[in-house]
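K.L.:
Sharing a structure here in structure tokens format.
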Amino acid sequence: MTRSTDQPGFTGALGLVSASTLVSMVAYAAPLGNAVTLTRAFAASTAGTTWILSSMSVGLAVAMLGAGVLADEVGRRRIFRVGAAVFALGSVACTAATFGGHAAATAVFVGGRVVEGLGAAGMIATGLGLVASLATDDHHRTAASRWWAVAMGAGIALGPVLAGLFDEVGASWWPATYWLLAAAGVVVTVAGGRMLPEVAATQRRRLDVLGLVLLTVSLCLLLVALVETRSGSTTAAWATGAGGLVLLGALVASQLRRSTTLVERDLLRRNDFHAANVAALVCGLGVIAIMSFSCTYLTRALGITTLQAGLLLGLWSGTSALAALAARSLLARIPGNRQLALGLVGVGVGIALLTGVAPGSPAWHVVPGMLVAGVASGVLNAGLARQAVASVPPDRAAMGTGSNNTMRYFGSSLGVTLVSVIALGAADIGAGWTVAAWVCAAVSVAGAVGVVLLGRTTPGERPSASANG
């Protein structure tokens with residue numbers, strides 16, 4: 001039997017948060033559907049094309065945890081609305097690439113995509129925490145995680161298709177996608193002031209400004225290093241990577257020595273907090289990485305268009321949305337960490353099925369792996385949303401969501417780099433794809449084992465009902 005979620009404010013807030021997540025993921029995935037057109041329009045180099053595809057993930061990963069920490073202190077609705085406004089501005093900036101010469105167009109577009117990522121981070125980091133503040137029981141919390149996962153999968157499915165459809169109208173129509181995204185950002189900004197509660201920590205903590213700066217800059221440098229590695233710029237990759245590691249070391253030292261920290265030390269003793277973050281990291285390293293590269297591989301190996309590759313990718317992301325919705329009764333009975341492990345094993349199996357997709361294969365060979373990975377991703381995404389909030393105190397929900405998604409997008413950047421190096425570095429791209437897919441499958445299953453081992457409750461810790469089914 002289903003129960004109504006018509007608590008005053010809950011349904012509207014959940015709808016708006018889900019819509020903001022969907023819009024963010026449409027923006028994230030859109031270039032997969034018209035990368036060839038964008039490359040031609042900007043006369044972009046190989047490095048430029050790499051940045052076109054990777055820039056938004058840099059903004060997401062860099063800002064996610066910081067946005068969550070700030071939101072818990074100064075107000076989640078405030079950061080959510082600022083994020084939506086910044087997202088709209090970034091989308092408008094992307095369209096400005098049409099007014100510059102080819103030399104500047106790529107830089108303008110990439111800059112706009114980074115800003116989109118920064119804004120989307122503000123919405124994603126705060127959304128679940130805002131809805132959680134209105135939830136009165138486990139049913140509400142399960143509904144929130146389920147619909148968030150639906151929005152995540154649906155957005156990734158729609159993004160390439162939307163961009164590809166405008167591409168079919170005409171090569172000069174690519175800015176239409178970003179004007180629509182900008183309009184959506186404005187609507188979310190305005191609606192957020194009317195439909196969302198303001199939520200901030202009841203006990204204010206001293207903000208760790210030094211830690212926030214070190215985290216942001218170190219992540220930025222490390223992510224730039226990963227993108228530069230994919231584009232073949234080894235000198236820039238080594239320089240930025242070394243700088244990022246130095247600052248990351250400084251961050252660790254500051255967190256160990258100072259009384260004011262980004263994350264409370266009590267949380268670092270919670271196994272469920274670590275399990276959720278490990279699962280998010282492995283999700284990025286495994287299924288997101290191989291799926292992000294799949295459009296590149298499918299266009300080269302099967303000789304199909306980017307729109308056709310985007311439609312095949314939609315079998316994965318679209319199925320993940322449907323699975324998160326359809327499996328609600330089953331998932332409500334599964335403990336949170338077990339749900340994460342089940343999802344990771346499932347995506348590992350789905351990725352393994354993709355190893356048989358060789359150059360010249362018919363397109364239907366992709367279907368079984370995409371569908372299996374899609375069902376498992378729906379389970380995994382709902383579990384990540386659930387545990388990101390359940391593994392932290394209620395007044396730190398935005399920080400928990402931000403931490404979880406930081407791991408997801410940093411993992412995806414690292415994973416896409418590894419997949420690209422393995423697949424494109426092989427003498428035959430088909431053989432390289434097979435090796436990369438097996439690596440991603442193995443990482444996913446290993447992550448599931450890690451989550452199971454970490455899933456035991458820390459001695460003296462009281463698990464939340466939501467975290468434990």
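Positions of Cβ are set from backbone N, Cα and C atoms, glycine also.
Below, the features straight out of TrEMBL:
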- 12-30: transmembrane segment (TRANSMEM)
- 13-459: domain 'Major facilitator superfamily (MFS) profile' (DOMAIN)
- 50-70: transmembrane segment (TRANSMEM)
- 82-105: transmembrane segment (TRANSMEM)
- 117-135: transmembrane segment (TRANSMEM)
- 147-166: transmembrane segment (TRANSMEM)
- 178-197: transmembrane segment (TRANSMEM)
- 209-229: transmembrane segment (TRANSMEM)
- 235-254: transmembrane segment (TRANSMEM)
- 275-299: transmembrane segment (TRANSMEM)
- 305-327: transmembrane segment (TRANSMEM)
- 364-385: transmembrane segment (TRANSMEM)
- 433-454: transmembrane segment (TRANSMEM)
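Give me the local environment of each listed feature.
P.N.:
Away from its own ends, the transmembrane segment (12-30) comes close to residues 5, 56-57, 60, 80, 84, 87, 91, 116-117, 120, 123-124, 127-128, 130-131, 134, 143-144, 147-148, 150-152, 154-160, 162-163, 177, 181, 184-185, 188, 191-192, 195-197, 313, 317 of its chain (Cβ-Cβ under 8 Å, at least six residues beyond either end).
Long-range Cβ contacts of the transmembrane segment (117-135) within its own chain (Cβ-Cβ under 8 Å, at least 6 residues beyond either end) map to 7, 9-10, 13-14, 17, 20-21, 24, 27-28, 55-65, 67-68, 71-72, 76-77, 79-80, 82-90, 141, 144-145, 148, 185, 188, 196-197, 199, 385, 388-389, 394, 397-398, 400-402, 405.
Away from its own ends, the transmembrane segment (147-166) comes close to residues 14, 17-19, 21-34, 127-128, 173-174, 176-177, 180, 295, 305-307, 309-311, 313-314, 317-325, 374, 377-378, 381-382, 384-385 of its chain (Cβ-Cβ under 8 Å, at least six residues beyond either end).
Nonlocal intrachain contacts for the transmembrane segment (209-229), taken as residues 6+ away from its ends with a CB within less than 8 angstroms of a stretch CB, comprise 47, 50-51, 54-55, 57-58, 61-63, 65-66, 69-70, 236-238, 240-241, 243-245, 247-248, 250-251, 254-255, 258, 260-262, 406, 410, 413-414, 416-417, 421.
Below 8 angstroms of C-beta separation, residues 208, 210-211, 214-215, 217-222, 224-226, 228-229 of the same chain, each at least six residues beyond the ends of the transmembrane segment (235-254), sit close to that stretch.
Tertiary proximity for the transmembrane segment (275-299) is limited to same-chain residues at least six positions away from its ends with a CB under 8 Å from its CB atoms, namely 32, 35-36, 53, 160, 305-306, 308-310, 312-313, 316-317, 336-337, 340-341, 343-344, 347-348, 350-351, 354, 357, 366, 373, 376-377, 380-381, 383-384, 387-388, 391, 400, 403-405, 407-416, 418-420, 423, 429, 433, 436-437, 440-441, 443-444, 446-448, 450-451, 454-455.
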K.L.:
Taking a Cβ cut-off under 8 Å, which residues six or more beyond the ends of the transmembrane segment (364-385) line up next to it in the same chain?
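P.N.:
Those are 128, 144-146, 148-150, 152-153, 276, 279-280, 283, 287, 291, 298, 312-313, 315-327, 331, 336, 339-340, 342-347, 349-354, 356-357, 401, 404, 408, in sequence order.
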